[in-house]
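Below you'll find the structure, written out as C-alpha cells, and then a few comments.
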Amino acid sequence: RACIELGEDCDGYKDDCQCCRDNAFCSCYEFFGEKNGCGCAVGH
C-alpha cells in the first residue's frame with residue numbers, strides 16, 4: 001500500500017493520513033476553519 005512518511009504532506013481528512021508509522025497521524029493547524037500545514041507526525 002502507498003503510505004506517507006513522517007514529515008510529508010497529508011490532506012488532513014484521513015485520521016491516520018496513511019502514515020507508514022503505526023503511531024503517526026496527520027497533524028494540522030486550523031486557519032479560519034480551514035486545515036493548513038498538514039503533515040505526518042508521530043503521536044505523543
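We count from 1, first residue shown onward.
Even glycines carry a Cβ here, placed using N, Cα and C.
Predicted, not measured: the structure shown is a model, and the values here were computed from it.
Sequence-distant neighbours of C20 (disulfide bond) (same chain, 6+ residues apart, CB-CB distance under 8 A): C3, I4, E5, L6. C20 (disulfide bond) falls outside any helix or strand according to DSSP and counts as coil. Marked as disulfide bond by Swiss-Prot: C3-C20 (among others).
Under the DSSP three-state reduction, C10 (disulfide bond) is assigned to coil, being neither helix nor strand. Swiss-Prot lists C10-C26 (among others) with the feature disulfide bond, giving a curator's inference as the kind of evidence.
For C19-C40 (among others), the entry in Swiss-Prot reads disulfide bond. There are 22 other CB atoms within 10 A of the CB of C19 (disulfide bond), with all protein chains counted.
Around C28 (disulfide bond), the C-beta neighbours below 8 angstroms that are at least 6 residues distant in the chain are G12, K35, N36, G37, C38, G39. Annotated disulfide bond per Swiss-Prot: C28-C38 (among others), in sequence order, evidence recorded as a curator's inference.
Note on the disulfide-bonded residues C3, C10, C26, C38, C40: the fewest other CB atoms within 10 A surround the CB of C3.
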